[in-house]
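The signal peptide feature in Swiss-Prot is assigned to 1-21; the stated evidence is sequence analysis. Residues or ranges marked as substrate binding site in Swiss-Prot: Asp146, Pro147, Ala148, Lys149, Thr233, Asn234, His267, Thr296, Lys311, Asp388. The active site, proton donor annotation in Swiss-Prot covers Glu194 and is backed by similarity to another entry. Look at Swiss-Prot and you will find Glu292 tagged as active site, nucleophile. The Ca(2+) binding site annotation in Swiss-Prot covers Asp301, Asp303, His305, Asn307, Ser396, Asp399.
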Amino acid sequence: MKSKVKMFFAAAIVWSACSSTGYAAAIEKEKHVSELRAEDLFVKKVEGMNKDFIKGADVSSVIALENSGVTFYNTNGKRQDIFTTLKQAGVNYVRVRIWNHPYDSNGNGYGGGNNDVQKAIEIGKRATANGMKVLADFHYSDFWADPAKQKVPKAWANLSFEAKKAKLYEYTKQSLQKMIKEGVDIGMVQVGNETTGGFAGETDWTKMCQLFNEGSRAVRETNSNILVALHFTNPETAGRYSFIAETLSKNKVDYDVFASSYYPFWHGTLQNLTSVLKAVANTYGKKVMVAETSYTYTAEDGDGHGNTAPKSGQTLPYPISVQGQATAVRDVMEAVANTGKAGLGVFYWEPAWIPVGPKTQIEKNKVLWETYGSGWASSYAAEYDPEDAGKWYGGSAVDNQALFDFNGHPLPSLQVFQYAESGHIPKKR
């Protein structure tokens, strides 16, 4: 980054008094520099963060990016396996999404990393080799499952509900067995992704709960030590999480972790996030966590495909800068830690989904996105998701929210995972 960045130098005497979002109040002096360094970050210590607190990253797109020619570096500017770089920065858990069959009838990938079980194994083995546990995130769809769509896998489309239950159980168990056989250290399994209003093509909560239990049963039978997580979103909507948690309880759904997405520009205040997660934990005895979060460090687009943030109408509670990004991540960690012992941790979503090439070479980028699935969706996804991917396919929509710059070098904000444990005051230079 060549633009000038403000650096804040906080005196130790005011360390305990300043809030993370109010770090400007602790300024001793201000200095303009050409580039922010990791040692220049101000990160207030997160109180209540135990040694097992999850500091996770979802890097599901990484294989497709590397196949597209993307190279990642360490903090010294040397080429290095990104999983080693993440580990050195304090990341201790890797999340990977799994789609049933993200390919068309000719074998062309839908994009978004083309994340099938085999990709999950590749990613999982590299994470395990670097001493990180793995969260297997089953979407139970052939492409993106989120609040707007929970499309049933093509192969399950004509099944009866009872047959679908059997297939979900079988698919989950067989996939986990494959991953474990390959040496992947799975610590947690997500049965569904952002299943706020649907799951595997079902929208009736009674049926959804039965499907949740089939996935959970498969996990329990595979390894009883693996945590079962259910994942929802929109914590800002009044009464949503209390309704979901109560419904799960009434339907006797077997799970360990109530997980939420939390994006600062969409999902309300951190105080509310803590409140709704704490209520679930205290009322139903569940562990809680944030399964997805991220924030912008620049308003610039890197690859010629538009980004999800910033957009008009969004609330951006932190500066759009490397320091603002680090503070945003730190504050989400604090929000989860503030739920008490039930708070497991936080996963950053796609911190490495950077451009496959500069936006000035967008035509070349398009070829790479189509060939390797390194964009959020390829044109081939139109047969499965014609209304969304079929119209808006293209590159990375979050390259300006990555924790690596557009050329694959780690941003100083990547160090927030380790700085949050003890806090960090920048040194003058």
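Backbone N, Cα and C atoms are what each Cβ position is placed from, and that goes for glycine too.
Sequence features, as recorded in Swiss-Prot, placed on the structure.
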residue: Ala148; record: substrate binding site; Cβ contacts under 8 Å, 6 or more apart: Asp388
residue: Glu194; record: active site, proton donor; Cβ contacts under 8 Å, 6 or more apart: Ala145, Asp146, Pro147, His231, Phe232, Thr233, Ser261
residue: His267; record: substrate binding site; Cβ contacts under 8 Å, 6 or more apart: Thr233, Asn234, Pro235, Glu236, Ser261, Leu273
residue: Glu292; record: active site, nucleophile; Cβ contacts under 8 Å, 6 or more apart: Asp58, Thr233, Ser261, Tyr262, Tyr263, Phe347, Trp349
residue: Asp303; record: Ca(2+) binding site; Cβ contacts under 8 Å, 6 or more apart: Pro355, Val356, Gly357, Pro358, Lys359, Ile362, Asn365, Gly395, Ser396, Asp399
residue: His305; record: Ca(2+) binding site; Cβ contacts under 8 Å, 6 or more apart: Ile362, Asn365, Gly375, Trp376, Gly394, Gly395, Ser396, Ala397
residue: Asn307; record: Ca(2+) binding site; Cβ contacts under 8 Å, 6 or more apart: Thr296, Asp301, Ser396, Ala397, Val398, Asp399, Asn400, Gln401
residue: Lys311; record: substrate binding site; Cβ contacts under 8 Å, 6 or more apart: Phe265
Original post:
Here the binding-site residues are Thr233, Ser396; which one has the lowest number of other Cβ atoms no more than 10 Å from its Cβ?
Top reply: Thr233
Subject >> Fewest Cβ neighbours within 10 Å, where candidates are the binding-site residues Asp146, Asp399 >> reply: Asp146
**OP:** List, in sequence order, the residues of the same chain other than Asp301, Asp303, His305, Asn307, Ser396, Asp399 whose Cβ lies within 8 Å of the centroid of the Cβ atoms of the recorded Ca(2+) site.
**Re:** Gly302, Gly304, Gly306, Pro355, Lys359, Gly395, Ala397, Val398, Asn400
**OP:** Looking at substrate and its recorded binding residues Asp146, Pro147, Ala148, Lys149, Thr233, Asn234, His267, Thr296, Lys311, Asp388, figure out the farthest C-alpha pair and report it in angstrom, whole number.
**Re:** 25
Original post:
Helix, strand or coil: which one is Asp399 (Ca(2+) binding site) in, per DSSP?
Top reply: helix
